[in-house]
Amino acid sequence: MSTRSVSSSSYRRMFGGPGTASRPSSTRSYVTTSTRTYSLGSALRPTTSRTLYTSSPGGVYATRSSAVRLRSGVPGVRLLQDSVDFSLADAINTEFKNTRTNEKVELQELNDRFANYIDKVRFLEQQNKILLAELEQLKGQGKSRLGHLYEEEM
């Protein structure tokens, strides 16, 4: 955690750009942690984006962010929006899309196999009905027909 003070004019605080204001400048303190920057003793008024300088072992980094302030009558600590790293979210999203695509392909293959089994069962049911009809026809003819067929075969 590091603490630093920034001196800026009220114009710069209000409009965010470099300017010459007739008002005296004021000093503002910022506390920077590993993930957030807090402004100490801030007044509650609209804020434009500002450049924040964060020091780390690799050097000094500048980031633009807009201040988010609580709307109450008491001045307090305000939080600044963090920049979001979408690379991890993109990787997870890509992995999810790949998994989802693979699952869809597997389900389509299983659905095709199931449809083939259903077609085979319907075909076998039709064959069974035909065989049952032939059996009933043969039963209805009686022994004379069966005997006649037997003799023809001999």
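Every residue gets a Cβ built from N, Cα and C, even glycine.
So that you can see what the record holds, here are the features copied from Swiss-Prot:
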- 1-13: compositional bias 'Low complexity' (COMPBIAS)
- 1-31: region 'Disordered' (REGION)
- Ser2: N-acetylserine (MOD_RES)
- 2-95: region 'Head' (REGION)
- Ser25: phosphoserine (MOD_RES)
- Ser26: phosphoserine (MOD_RES)
- Ser39: phosphoserine (MOD_RES)
- Ser42: phosphoserine (MOD_RES)
- Tyr53: phosphotyrosine (MOD_RES)
- Ser55: phosphoserine (MOD_RES)
- Ser56: phosphoserine (MOD_RES)
- Ser72: phosphoserine (MOD_RES)
- Ser83: phosphoserine (MOD_RES)
- Ser87: phosphoserine (MOD_RES)
- 96-131: region 'Coil 1A' (REGION)
- 103-154: domain 'IF rod' (DOMAIN)
- Lys104: SUMO2 cross-link (CROSSLNK)
- Lys120: N6-acetyllysine (MOD_RES)
- Lys120: SUMO2 cross-link (CROSSLNK)
- Lys129: SUMO2 cross-link (CROSSLNK)
- Lys139: SUMO2 cross-link (CROSSLNK)
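Among the recorded positions listed here, namely Ser83, Ser87, Lys104, Lys120, Lys129, Lys129 has its C-alpha nearest to that of Lys139 (SUMO2 cross-link). Packing around Ser83 (phosphoserine) is summarised by its Cβ count: 9 other Cβ atoms lie within 10 angstroms of its Cβ, all protein chains included. Spatially, by CA atoms, the recorded positions Lys104, Lys120, Lys129 include one closest to Ser83 (phosphoserine), and that is Lys104. Taking H, G and I as helix, E and B as strand and the rest as coil, DSSP gives the region 'Coil 1A' (96-131) the counts 36 helix, 0 strand, 0 coil. A separation of roughly 24 Å, to the nearest angstrom, links the Cα atoms of Lys120 (N6-acetyllysine) and Lys104 (SUMO2 cross-link). Counting Cβ atoms from all protein chains shown, Lys139 (SUMO2 cross-link) has 10 others lying within 10 Å of its own Cβ. Lys139 (SUMO2 cross-link) falls within a helix when secondary structure is assigned with DSSP.
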